[in-house]
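Here is what Swiss-Prot says about this protein:
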{"type": "BINDING", "residues": "R17, G19, K20, T21, T22, R98", "note": "ATP binding site"}
Amino acid sequence: MSAGKRGALIIFEGCDRSGKTTQSRLLVELLKSKGIPTLPMNFPERSSSIGQVINSYLTNSKDLPDEVIHLMFSANRWEHINQVKEKLLEGTTLVVDRYSFSGVAYSAAKGLDFDWCYAPERGLIKPDAVFYLRAPPNDLTHRGQYGKERYEKVEFQGRVAEVFNRICSKEGSYFHQFDARQSVEDLHAQIASITEELLPKVATRPLDTLS
């Protein structure tokens, strides 16, 4: 497995508590163990001034109109675009827990227009692969700390899953769907296999943008 001339942008997406954080951590550990320069990231990135407002919203200590928080989530990704581009071109693979697709899915699930939600994401760097972990929201409620944050409600997560399905159809071949109910080990093995094939393919491929 080799990172080649540039790194890959790999995204983990899915409903809350679907296993994204665990699987992204395992993939980072695997790639690093093979000597591949790899950096974990997650969105929202809560340490910036924008990220701190988002964190206050998610932890229910601040209320904002749906349109405003959607644009803040997008701005949080935009404020890191130069870092993302720089790392990829250096040859570092980025493994990212949530990206633009979560922003669209969660806001559209609240009733905002799908195309309006997508608009501010256009121009961000297009992922080389998205690993979408699917599971019925009812099957995720037993997982640790479910319900602690604003969006962790089964009915709402069901609507989020419906929008994710629409996004998968729209974005096509670089979306890889997995049953999140399988064992951590089996899921990791499948993701590792796809990643092993992916890295040399994208090494000389120019960066693309979401459109």
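Backbone N, Cα and C atoms are what each Cβ position is placed from, and that goes for glycine too.
Same-chain residues that are not part of R17, G19, K20, T21, T22, R98 yet have a Cβ within 8 Å of the Cβ center of the ATP site turn out to be F12, G14, S18, Q23, S24, D97, L133. In sequence order, L133, A180, V184, L187 make up the list of same-chain residues 6 or more apart from G19 (ATP binding site) whose Cβ falls under 8 Å from its Cβ. Over all protein chains present, the Cβ of K20 (ATP binding site) has 23 other Cβ atoms lying within 10 Å.
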